[in-house]
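For reference, the structure discussed in these notes is given below.
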Amino acid sequence: GGGETFGDRSLSQGLSVLVGLGLCVTMLGLGCAVELGQLGQQLRRPVGLLLALLGQFVAMPLLAFLLALIFALDEVAAVAVLLCGCCPGGNLSNLMSVLVDGDMNLSIIMTASSTLLALFLMPLCLWIYSRHWINTAVVQLLPLGAVSLTLGSTLLPIGLGVLIRYRHPRAADLLVKISLWSLLVTLVVLFILTGTMLGPDLLAQIPASVYAIAVLMPLAGYALGYGLATVFKMPPHCRRTVSLETGCQNVQLCTAILKLTFSPELIGSMYMFPLLYALFQSAEAGLFVLAYKMYGKDSYKQDTLGEEEDTDISYKKLKEEEVAGTSYGTVTTEEHNSIQMEPTQTAL
């Protein structure tokens with residue numbers, strides 16, 4: 001009964017519209033968070049671009065491929081896991097970076113960079129890593145052209161968001177907040193609707209190995225991102241940012257590609273994998289934030305206070321130099337006046 005409901009034309013079309021709208025709002029919010037000045041700085045020193053490339057299109061696709069092999073997934077489940085692993089970073093990382101006192105400029109640039117790089121690298125990664133299952137029907141029918149088209153369609157709302165940020169900064173700030181809330185609402189609605197359409201029987205048919213991957217994959221992504229930032233010798237707040245950026249995937253994009261490019265009969269219950277990933281990546285990121293608030297906040301405050309003390313010392317030195325300079329000028333002026341007065345006294 002769940003499979004027939006999932007294949008129902010009207011419900012399927014309604015879900016497609018919801019997925020498409022959610023993706024557009026998310027990409028619009030991402031564009032509104034990007035400033036042209038930041039993009040120029042990153043082009044001159046493209047550390048964020050390099051980290052996005054290594055994290056999202058080297059580490060995560062390889063991780064997804066290895067997990068699919070280790071847990072011996074069938075071709076349908078493997079494609080769903082690979083698709084999620086090859087996706088760019090998601091907006092959840094931007095919100096979480098704020099909560100752990102991360103580098104927001106780095107977070108936004110990494111998300112935007114990985115989204116643009118996905119236009120070319122996501123189909124390439126899917127083609128490379130799906131070769132292991134090439135003799136199966138789902139891989140032979142893997143619509144790389146449709147994947148590229150879906151990715152290309154995200155450029156319009158991103159570009160519109162950048163334009164809004166340039167012309168109307170206040171409206172852009174509001175749209176960023178709206179997009180973050182829409183992310184949460186869309187995921188909750190999708191989870192409820194999809195669970196209802198699939199039915200509890202088909203949900204129970206999702207292998208335990210897929211649930212295990214949904215738990216392990218974001219956790220391993222966070223660890224890989226932190227390790228990558230450590231290799232680049234980045235400061236602690238940047239390490240936290242890169243960690244979240246690497247583990248948080250754009251599940252809205254993954255859901256849209258699965259929904260818009262595969263038939264319900266072919267993908268079946270594996271349509272739920274990006275939603276499961278979203279659930280566990282959010283829960284694990286929440287634990288990340290909680291641990292930081294409990295154990296890491298004090299060290300961050302000490303570092304901040306240290307920077308402020310250095311600033312105060314520098315400011316005091318500057319003031320002392322100014323005072324010394326002023327007093328020297330006064331002496332010079334007095335001496336000059338006395339020199340002017342001496343000829344007058346002699347004349348008298």
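Cβ coordinates come from backbone N, Cα and C, glycine included.
What TrEMBL says about this protein:
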| type | residues | note |
| --- | --- | --- |
| COMPBIAS | 327-348 | compositional bias 'Polar residues' |
| REGION | 326-348 | region 'Disordered' |
| TRANSMEM | 15-37 | transmembrane segment |
| TRANSMEM | 49-73 | transmembrane segment |
| TRANSMEM | 106-129 | transmembrane segment |
| TRANSMEM | 141-166 | transmembrane segment |
| TRANSMEM | 178-198 | transmembrane segment |
| TRANSMEM | 210-229 | transmembrane segment |
| TRANSMEM | 271-292 | transmembrane segment |
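Counted over residue pairs separated by six or more positions, the transmembrane segment (210-229) shares at least 3 Cβ pairs under 8 angstroms with the transmembrane segment (49-73), which defines the two as touching. Within its own chain, the transmembrane segment (271-292) has Cβ neighbours under 8 Å at 6, 77, 80-81, 83-84, 92-93, 96, 99-101, 187, 190-191, 194-195, 198, 203, 206, 210-211, 214-215, 217-219, 221-222, 240, 243-244, 247-249, 251, 254-255, 258-259, 262, 264, counting only residues six or more beyond its boundaries.
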